[in-house]
């Protein structure tokens, strides 16, 4: 159809908007074709083109500089095999990205495969847009390279039409791989009109196409054999899942799929985008380029673009999506950046992208006159002991005088340094066919910087491995190189590269040729001024017999310094002295590579010696079998390759050298040695210490200068320094020094800070940002802020022969005496023919009481049966009482307890619905001071003990909540809203209250019998509890809504339950006397596993420490406290001989447990395996649950942090999440696995 240019502009604009609302169009993909600079793949049915990349692409755990583009809808990272080896046989034996893998054909000249590499600003900015929308939590998306491959109008091989090719079904799809310095992302485009077939012929059968990521064959552990590596599937083997490629999304845009496909230096798994639902106001996607030219449609190549009929569903009709209220949107679809209205004077591209302007300048400073990054916005990235300096291309950090490092990590000169970390490995010893495995063993190192002496210890090394590790002194000796004693004109490792670097060492033992690989990742200096490292060992060691000692000869190692890379190699000689007195001399070769990132913007060339020599002597190694410790010690100097051969000099030679360079100066360990003329020197205390240099003392900056941290901050003194921490509700400003009030979106509905009417009358609906909507519940009328009860009795809703009882939000109809029925319909007759709900409840309880059922002993308070009372019409009496416990409470017309109306013995409540009240400080809620506290439950109250470090401040202990006539069992804490949660078995109920004061809020009051365990997921905003009489585990939102039973089988006496939000895991214990056990599962109920079932008695208490990754429990049967890793390995006893523990919680190096017999809170140091303290409450009675109140939430993330786009429950699991419906659904719930 011939369109005039003016008309074409209007039609094209409307067409672009319509497509973006309904589905992805070909025009929404990245530009492609010869006019975009693309190259063409050779025509055929199985053509491959090798392409050398301008920038490495990360895929799984590898980096690739060459890729292979194939006709059959995939990109490979190695040369593909023949198609008979992979078509219909996925996963493939080679690495590939399968975007639409099938037997495809472009040999007829209509179909084409385009490809190009692109680093233009407009292209990179579009990749940022797609990735950022798919991963809203990631704020460091900075791609510098894009690979764009487009399969256009490709047909299925073997399917023929009339002969001219015009009636063949054809598909169009696109793959964009965006790469950064340490990660790559894949963006997949499936336009709806571009998918006209979903299967291709393979071996005579129609097989659905594949989409996903395959690593191919990988080499097995320490062998020459290979096995199939990971394979992530986007579409399954059924055709319906292939159709959904153009209908659904994980990026918030229909037909667009985004994945993180590779990271460096560590890779865990393929990560899909998090936004799986479409925005209600999808429209033209924010940030998308919709440029409309005043020319006819694009003509790809030389021939006119052929229009093909759109694919039609064969099995089911598409149903339109329901319209949602225009003012309520899910949180994840709120704009993450300002959007300004488009005006005719502005270009559409920039009118929609305000947030990305700063990123534009980061990558393309050559185009704009602005500098990419400056100190003004990045000063906080420098060390607090460094200055920030701007350069032409950006900024750099430089340590101040008196400190050394790379500017981002700086330490005081002369100050001793410490290194902490974890060591894991899988090591074969000698000729053993089975490896020894260990996980997260502690590594601690200490170095006296002013003489280069380093000490290293690694714990929990089994006896079968420990003796053979003795020759590997450099396992932790890298800290010796990092802080080696510097000779004139030379610098140690930390002075040059700081504390963030990677190290890989290859060790070859001679003559047996055993090989070992050491991988270490140094993560910088933490808040305690400790260098943090993780270590992995893989390979084989020659065996050193048990009881043998090892002596390592002094050695020298040459370090070659290049651009962001350091290499070294050496030969190490050592002798093994056996128990029979014989001595063996052995050797191993050592090669290592250290990689790091220096500041690229520093215009001054740093004068670093290209080759330096590390001299190591006075080496001491020992394996302590009693404590399972391997220890190393050595002296380290860095200097000229010609060396001073100190180890070969006699005493007179050493006396001629300056003591600062030999380490024989006598300065305090916290002092720097300053060389003078000849052998003269002075000692100067390090920054943060005072004294004459021979003796140095720590300066307490917090005490001497109380105002040093400024307002809204707390000062913590540390050896040689101090640390400022912002108080709750404040955070550091961009300067890294000033504490400013936190300005973040608040869910006032969840927090309870809204002005809606009380929850019994109104509903608060969160709409994103800090906005919410108030609406009255059914049975009430008003604007949501004030709601009045509707008196249904005035409306004549009951039968004329019935009595109407109005209640708040509801009503009840009761037939008069002489009539029977449900109240809406009444007929003459005996009232005994139809009993009321109250009468039926009363009768059923009396019948069950008469059976005399026997209840086995359970360690919980016994509560007699409650029987409701009914009035003369059979309705519930407004006031109900329980004689055996001496309590009364109000009920509504359905017999449900009105929250907060229970009274103690001798008192009766006024049974009227309380007036609406806002959050106020109650006399039974005592706000606590800032800081970490212990919370523990006693009958009738919850108390708190402030912690001073790890010590209990017993003098400041007091009651937090008074809960008369209640028996509180479990206590949990939400660090986000600073709420304490608890379970009560007398209600029974689950409730919460704020630490800062306010009302007690009942969350769950129905369908409970004995809730005894409670866990909070502060990330996904979920709570989990156990009920030991219903024998089940449940989950709900933190407001008590959307309840779902996770487990109700194979449970007898479940009690403690804990959550690991970072990995989406649950752990719980069942003290079944016939078979106690500790179990684990994902939070969605999948992968249920028994972790421990041996040597258990009554595992009452359970806790999980995310820092040490230790699962610990207190057992009243075995009378032990034990710990292990979360996979059920490395089980060890912390203390034994305890009395009757009930609950336990971890905090740092301490475990705190409550004990029924001691009626106390007991502290245990799990690093020394001994009891350290005890707190005896003023009122002596049994103590129950215990929890901590950390000042800040741990830094973590799980997939349900923003509810994951689920309609109802978002339940995390390891590497994903599941959308689940509550047990009571409203019909709008959608379940899915992601």
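The backbone N, Cα and C atoms fix where each Cβ goes, and this holds for glycine too.
Per TrEMBL, compositional bias 'Low complexity' is recorded for 285-295.
Summarising the annotation, TrEMBL assigns disulfide bond to 881-888.
Taken from TrEMBL, the feature domain 'NIDO' covers 99-264.
Per TrEMBL, domain 'EGF-like' is recorded for 656-697 (among others). For the domain 'EGF-like' (656-697), the DSSP counts in helix, strand and coil order read 4 helix, 15 strand, 23 coil.
The domain 'EGF-like' feature in TrEMBL is assigned to 698-740 (among others). Mean predicted confidence for the domain 'EGF-like' (698-740): the pLDDT average there is 79.
Residues annotated as domain 'EGF-like' in TrEMBL: 745-788 (among others). Assigned with DSSP, the residues of the domain 'EGF-like' (745-788) fall into helix, strand and coil as follows: 4 helix, 18 strand, 22 coil.
Feature annotation from TrEMBL assigns domain 'EGF-like' to 789-825 (among others).
The feature region 'Disordered' is assigned by TrEMBL to 285-305.
Sequence annotations record features per position, and here TrEMBL assigns signal peptide to 1-18.
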10 Å Cβ neighbour count around residue 888 (disulfide bond)? 20
Per DSSP, what is the helix/strand/coil residue tally across the domain 'EGF-like' (789-825)? 4 helix, 16 strand, 17 coil
Summarise the domain 'EGF-like' (698-740) by DSSP state, stating how many residues are helix, strand and coil. 8 helix, 18 strand, 17 coil
